[in-house]
Each structure stands twice: as structure tokens, then as C-alpha cells.
Amino acid sequence: MLSFIYITLAILFSTIVNAATVSNKDFALVMYDPALIPLNDSSATLSGELTQLITFLNIHYDTTLSPYSDDEVSLFYDDYPRFDHLVLLPSSKKAIGAKSGLNQHQLLRFINEGGNVFAVGGSEAALPEGIRIFLNEIGIHPAPKGYKYIDHFNSKDGVVELKNENLIANNRIVDNLGATKYTGSAALISNNELIQPIVKSTKTGYTNKAGQVMSDEFTWTFGEQGFLAVGFQALNNARLVWVGSEELLVDDSLYKWCFQDSGVIKLQFVHHIKANEPEKLNPHLYRIKDQAIYTIGVSEYKDGKWVPFEVKNEGEQLQLSFKMLDPYQRLNLSPLGPVSATENSNELDAYAYFVNFTVPDHHGMFTFELDYKRNGLSYILDKKVVTVRHLANDEFKRSWDISNSWLYIASTKSHSLTARVNIGSDDTSHDNNANTESNTQERSTTSILKSKRILPTVGQNTTTIKFEASDKSSPFASQFKNINLKFWDLGGQRSLRNMWSRYYKQCHGIIFIIDSTDTERFQECYETLIEIAHDDSWLISGDNDAEQTIGIDGTVNVPILMLANKQDLPQAVDLVSLKTGVFIKLVSELEATDSKLLPVSVLENQGLKESLEWLVTRLIYNKSNKVPQYS
């Protein structure tokens, strides 16, 4: 019993292998009229052109020969095509035996299913009526039976001689016209853009009914409106070729193209990436103004194998359309060179092309569309839909990235002020400079912050103060003459602090405001001041060995005035507690001689004048022998 099972399995396996072997070949059907072309008679003599065609079919395909009179012939079996290729030879009769299996409807369906059709006409015989109607629906109108192509200016012994001038220029189907004598007919064609003329009539050629003079009634084509060979390629790349005589079969390039043995290109791979994320292939989400890179690999089928397809003609470049409803971008792809279509393969069987472009500033659903249609080549169509989004809330260009807004940084509850001082300048020069700066106001210390209602700053203010001593009768008041203080308001948010260092080299003093009521942020204030003191910006130009902190070696000594604000509130931490906490720790770590912690109330205008007088005193001391330079 087991032996029987093994034998049965072996037979089944052999059957499957044989079926797979057979299926590797395409199937071809040849329809003929035995009265004209006796393909069923092995002893019959055929023309050299027909013999060449039948030999080609037998070598490359599993070929079936069937006469038009066979009423059982059918192109489909259970709604599936039985054949890949169909050859239609001329017939002496208009009717077909299998009218339901081979008519214009079945032929159109055969094309729509991807089948290829090669039709041969003639002057003394024509194709059956159903096939002619099928050709007419496509846009090819062959001359009726009994019509012959004539060209008195290009004939010898009454036979038309074709030249390479009859070839359509720059067609990819036939490079050189092998046939010299022509005794067939011609066809008219419609303006169907999928029709590809191959061989045309000359200006002096015409198609007329045999034995009749030229007239509207008996003339089918005249001049270059007639065509001797016509190709057609559907959008699904199914192909059809009609020739007016079997003499054109001497050039096998016609049926090789029709049967997809030439002029076939294939898209081996398609990739699109973001330029800043090359490791992520084919992302589904892009952002406006992203840099996108689109790459493809294209191969061409030649001599039974795939080879790189290189575009050498500038007018035939591959193009990418990045479109929503209409293309927002239409770009030529640039060549990269031969590549391997298979990973880890050394065979260069594809040619790579790419384009780099900026995603449009418009959100929505976009499509990477490659639509390549060229006569003589199979069509390439590839679409990949992606989403393009707007910038997120945290992706807009920040104010510190916009140079014009560097002076207008938003501030929050905790913020710092840097002071730039002009000492020794006269009032006139100060007025001129102040008037030329936008958003700058000149004030005196007697009028600053008098209002009981103080609005929070929004980072769009700079203020220049003409400093005056609070006690003008004091013997020290003279040293405060001609002093102008320019304040830059910098935001205190963490995201804005990377801007502070841009002002360090130009500032002569720092005012750091501490909220006396916010005890949870005292440690943050301490860490922030440590970062300020150790910033690389304090290095003296050209001296990399200098200490990177301020106030240690006396070379760079920028005074730090820490103002404990909101001292008017009952929950505020008193000055003694602050000095024994944050301030003392700072002094011990920074060794800053020019540092001071003073109590103020900005709302009540308490302690501001005294604080500024201390700062100005330190600035005057540093003017002559400290860095940075004073203007």
C-alpha cells in the first residue's frame, strides 16, 4: 500500500514539474486560411517570410495552428486567456467559423487582458470581417480586399520598391527596412495617441482598387496619409501590429516587438526618502519644505536578459511629477549609473536615476508619479501616495533664528537683563544714537517704573537710561555725569537661554532678577548663574589658556547685580536668608569680587536707584583696566 502511495506521489510530482516546465513558455495561436496558406500541409511550400515567422513561433512559444473554419477555437477558457500571442493571417473569406470565440468583442477583451496580436494583410486577400471591425475600433483602417498600394515614381517592373525613407523617423521598432519589394495594401489611421506608425507611404504613393483609375470611389489612401505597417500599444502594454503584406515579415523586429521580445523596459525599484532621514525608505508622512530624494532603477529587455536602460536622448528623459490634483513639481531625473536591481548581487542589470527637490509649502495628499510613455517602449507608470503636513507648533522658525528679532526675545516670570554702557559720551551723541534704534526709549532714573501697574514684558523692548545720581549734592555725584545705560531684555525660558551667550562679549554688566517668593527656583537660579560664569564667550580672543570664568583673574570682570525682587510681599524670602543660601554658595564657587545681592521691589520702585548706583560704580572702576572695551 505504501509503495502504491509513493508511486502515486512520484507521478503527481512529475506531472507538476512537467506542467511548470511547459508554463515557462508563452502560448501562441496562429489563425490561417488553408486555401491561401496551407500550414496544415507539411509538404506545402511557404514563402520565406512566413517560414521565418512560423519557425520563430515554434522555437519561442508553445504554438497552436488553427484554420479560420474551426468553430471550436476560443481565446478564453473559464474567463482566462488561453494564449499570450495571436497571429492573424489573411483569408479568402469574410466569415469565421467560431463567430462567438473570435470576433471583435473577444479580440478587444484579449487586448485588455494583456494579449498581443499580429495581423497580416494583403492586396488579393484580406482579414475576416470581425477582425477588420476590431482593427477599425482601435483606429486602424486597412484597405478592403482587391486594393493595392501603388507608387509609380518608386517602382521597378510594376513592383513598388521600399526605401528607408518609408520608415517613420526615430521609431524604436524597426531600425532598418529589410524589405525592398512590396505588393500589399495600405491603411488609414485615426488620431489615437496609442497608435505608433512604423512604415509610411511616400508622397507619390496611393492605394487604389486594382484595374480602376484614381477616383474618390476607388482610392483608399493618397500620399503620406497611407501606412504600410502600424503598431499599437495599449495602456496595459498589450501590443498589436498590422502589416499590409507578408513581405514585411522579412524583418523579424516587427513581430519581436509585438511579442514583447524588444522595446520592453521595467521599473526594478522605486525609493523615496527624506534627505535628513536616509535610513527610512518610502515614508508615508512628509513635512512642508522637507528635502525629498526620489530614486528609481530601470531595466531593458535585450537578447533574452535584462540590461541597464540608459536614456541618451535629452527629449526622452524620465520625469517625476509631485502632484495633488495638478503637478506642483515636474522634474527631470538625473542619471546615477548602472546598479544591481537585486540586493547582494554583482550583476548590473538596471540604470539608476534620481532627483532631489523641496516639498511644496502646501499640505495635503500628494503623489510621487512616474508616467513614462515613449513610442516603441513599454509604458512605465508608478504612483506612491504620501501625506504632506504643516509645521507643528514647535517646528516654526524660532525668534533666535531670525536675525532681525534677536533683540526681541520673549520673557517670562524669571528673566535677566544685560547692560551695555556708554561712559563719557556727550548728550548729543547719545540722542543721535538713541533716535536711530527701533523700539528704544530714552528715560531718566527719576521717571523709570513709576507706574503702580507693571505689565509683563514680551521681549520686544530695549531701554536706554540717562543715569543721574540720586543725591546731586553728594561729592560723588560728579562721577555719574554723562553715563548712558542701555538694557537688553533677554527671556528667561530654558529654550531661550542659548541666545544669551551672543550678548556676553558686548555687555559690561549683568542684572539677574530673582523672584524672592519662588523658593522652588532658587536652585535653578544658582545653576543658571554658574553656566553664565563658565561660558566660553568670556575667553579673551586669541588666548585659549585664559580662565573661562568671569571675576577670577581680573582680566574679564563683568559685575553681576542680583536683584531679589518682590520684597514688598509678606511671603518673600528675606535678604539674610538669600545671602546665606544661594548668594554665599555662588561667591565661594565663582570667587566673584564684582557681585552683589540687593533687595528691590519693582512694583513699589524700592531699591532700584541704589542698585543701579552700585552697578555704575563698578562699571566706572572697570572702565580703565578691565575687559571688555567701553565705547
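Every residue, even glycine, has its Cβ placed from backbone N, Cα and C.
The signal peptide annotation in TrEMBL covers 1-19.
Annotation comment: TrEMBL describes 51-254 as domain 'OST48 N-terminal'.
Taken from TrEMBL, the feature domain 'OST48 middle' applies to 274-414. Residues in the domain 'OST48 middle' (274-414) partition by DSSP class (helix H, G, I; strand E, B; coil) as 9 helix, 66 strand, 66 coil.
Residues or ranges marked as region 'Disordered' in TrEMBL: 423-446.
The compositional bias 'Polar residues' annotation in TrEMBL covers 431-446.
Marked as GTP binding site by TrEMBL: GLY492, ASN565, LYS566, GLN567, ASP568. The number of other Cβ atoms within 10 Å of the Cβ belonging to ASP568 (GTP binding site), over all protein chains shown, comes to 14.
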Just to be sure I understand the packing, how many Cβ atoms besides its own are within 10 Å of the Cβ of LYS566 (GTP binding site)?
21
Please report the number of other Cβ atoms within 10 Å of the Cβ of GLN567 (GTP binding site).
21
Can you count the other CB atoms that lie within 10 A of the CB of ASN565 (GTP binding site)?
22
